[in-house]
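Taken from Swiss-Prot as is:
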| type | residues | note |
| --- | --- | --- |
| CARBOHYD | Asn78 | N-linked glycosylation site |
| CARBOHYD | Asn124 | N-linked glycosylation site |
| CARBOHYD | Asn159 | N-linked glycosylation site |
| CARBOHYD | Asn190 | N-linked glycosylation site |
| CARBOHYD | Asn257 | N-linked glycosylation site |
| TRANSMEM | 277-297 | transmembrane segment |
| DOMAIN | 334-615 | domain 'Protein kinase' |
| ACT_SITE | Asp459 | active site, proton acceptor |
Amino acid sequence: MSLLLKMLLFSLFFFYMASISQCSDPTGGQFSFNGYLYTDGVADLNPDGLFKLITSKTQGGAGQVLYQFPLQFKNSPNGTVSSFSTTFVFAIVAVRKTIAGCGLSFNISPTKGLNSVPNIDHSNHSVSVGFHTAKSDKPDGEDVNLVGINIDSSKMDRNCSAGYYKDDGRLVNLDIASGKPIQVWIEYNNSTKQLDVTMHSIKISKPKIPLLSMRKDLSPYLHEYMYIGFTSVGSPTSSHYILGWSFNNKGAVSDINLSRLPKVPDEDQERSLSSKILAISLSISGVTLVIVLILGVMLFLKRKKFLEVIEDWEVQFGPHKFTYKDLFIATKGFKNSEVLGKGGFGKVFKGILPLSSIPIAVKKISHDSRQGMREFLAEIATIGRLRHPDLVRLLGYCRRKGELYLVYDFMPKGSLDKFLYNQPNQILDWSQRFNIIKDVASGLCYLHQQWVQVIIHRDIKPANILLDENMNAKLGDFGLAKLCDHGIDSQTSNVAGTFGYISPELSRTGKSSTSSDVFAFGVFMLEITCGRRPIGPRGSPSEMVLTDWVLDCWDSGDILQVVDEKLGHRYLAEQVTLVLKLGLLCSHPVAATRPSMSSVIQFLDGVATLPHNLLDLVNSRIINEGFDTLGVTTESMEASSNVSLVMTESFLSSGR
């Protein structure tokens, strides 16, 4: 059980066995740090008005400051809790943070007293808001700073990191044990039944956005009269102070005059003790010096392992660059147990970022030469700015020696090919497959036509299509992607992609284009519908190539023969037929015959219909003037479907 939870439980139940004292409140439920205060445990009041709740030198202790009289929170025992609010300024000075940590809590409790209760009743009628800090138990981890709400239970109902929200919604973290004064506002609204907690440095005004909110009626949990105050649990090296406090049980609280707050005392004695320990350590000679030298050499070798060479031109890509050390820790040293998958270009590892605990996927690839590295990283940085619901977000990269690491959002369901081929007990139904096709089409259309530049993916296949927890598809792995401006052809490069998805013109010229992506997408549509790979051994030679097999079955009048046997007859024949025919059109060997992705989406959505003589077009071996040769024009298509088919390029003079 964490210290914050222990502290909250302790503060909620330290009054457990006593009875409520129904004495009158001389302030009428409103006060600003007046003299009606009661202290208990390790707590005292300094002459300047500063309350110190923890002042232990040898072992951890507990202190309490509370308002001496019970305050009325209800008009009757069975009534509803009225609106109330409080604000206070506290400071925690920790000379040395420990894993055990320390903390402070504001409490509303039925009794006063600092008692230890071994058996906790879950109906103690108490409310507590706690602030806890502790040193991380990881070498490179961030210190813990938490705020939590506990209402009448042994578990925290709500908690979050300590800090405050700016007006633009950005969270600014606060170190609770920095020794600097921090102001807290706790407000309960009777109308909305909402409890808000806000905290901030006293150097700024109260933020408009609460840090922590919880909507819950407190009436069942509070008596008519309750005590309010603070409890503190600390380590031997921490001191907790309450500098100012204001409360109102009838609505909005009066602000504290910050100019009159007492100063937090310097912990010179504790710092002096630390300095003496350091001086003694430095005076040790001989064996200690040898040990230090050995440790220094070991540390140097460890740092050398994570050493990265950053060239001047990489500075512009800084926001997209991860350190190798972070990725090494995230993937547990790139262990095989963390491998999500692997292909011809490298392995993909699952990782957890050490600071944020965000799950990521890291693809490790080898870049064959330094030539073109700068241009490659420029494209990676550009793609990293893409934001689309059907694209896996590229978070950044890391470069170390001859290796590149691409960092993506983690997709919990993994890649599509696992569901198609490696998970016989989890079969994708037709509705899921059709939605996946539409998701990928939407993402690819965004890359080709809707962004400021044209992005050619160059490696569309099921292994690069990832699924989230709701089985929504996202196109990922931009390791081979190329960019070019709209209206300008991409440059010739090495042939990249996966066998079976590479278009004929790409293998001849080495020049990728949007139409080569459309070709791969067409093969993908056939693959997900038929449940088999583009090229593979089948019963007869005519079935070896997927596109040829589907076309032959269409020619013979039984195109539904190719549907994945695992689907049985649980599919919409009209949708399946559309996908198969559209897949053949997209994978046509003539680049100019293939539709653009915007047209593909129109066909899939039913906005446009395929031409009635599409089989002749797909079977055509000689195309002189595109659809006009077959008596099909964009005008005639527009007349029948109200949408014209947009082709990817001008027609070539050869066909399938």
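From the backbone N, Cα and C atoms, a Cβ is placed for every residue, glycine too.
Shown here: features listed in Swiss-Prot, placed on the structure.
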residue: Asn78; record: N-linked glycosylation site; DSSP class: coil
residue: Asn124; record: N-linked glycosylation site; DSSP class: coil
residue: Asn159; record: N-linked glycosylation site; DSSP class: strand
residue: Asn190; record: N-linked glycosylation site; DSSP class: coil
residue: Asn257; record: N-linked glycosylation site; DSSP class: coil
residue: Asp459; record: active site, proton acceptor; DSSP class: coil
| If you measure Asn159 (N-linked glycosylation site) to Asn124 (N-linked glycosylation site) at Cα, how many Å is it? | 21
| request: Counting other Cβ atoms within 10 Å, pick out the least crowded of the glycosylation sites Asn78, Asn124, Asn159, Asn190, Asn257. | output: Asn78
| remark: Asn257 (N-linked glycosylation site) to Asn78 (N-linked glycosylation site), Cα to Cα, whole Å, comes out at 37
| query | Within 10 angstroms of the C-beta of Asp459 (active site, proton acceptor), what count of other C-beta atoms is obtained when all protein chains are considered? | reply | 24
| said: What does the structure give for the C-alpha distance between Asp459 (active site, proton acceptor) and Asn78 (N-linked glycosylation site)? Integer Å is fine. | reply: 68
| query | How many whole Å apart are the CA atoms of Asn190 (N-linked glycosylation site) and Asn78 (N-linked glycosylation site)? | reply | 15
| note | Restricted to the domain 'Protein kinase' (334-615), the mean pLDDT of the model is 88
| note | Rounded to a whole number of Å, the separation of the Cα atoms of Asn78 (N-linked glycosylation site) and Asn124 (N-linked glycosylation site) comes to 16
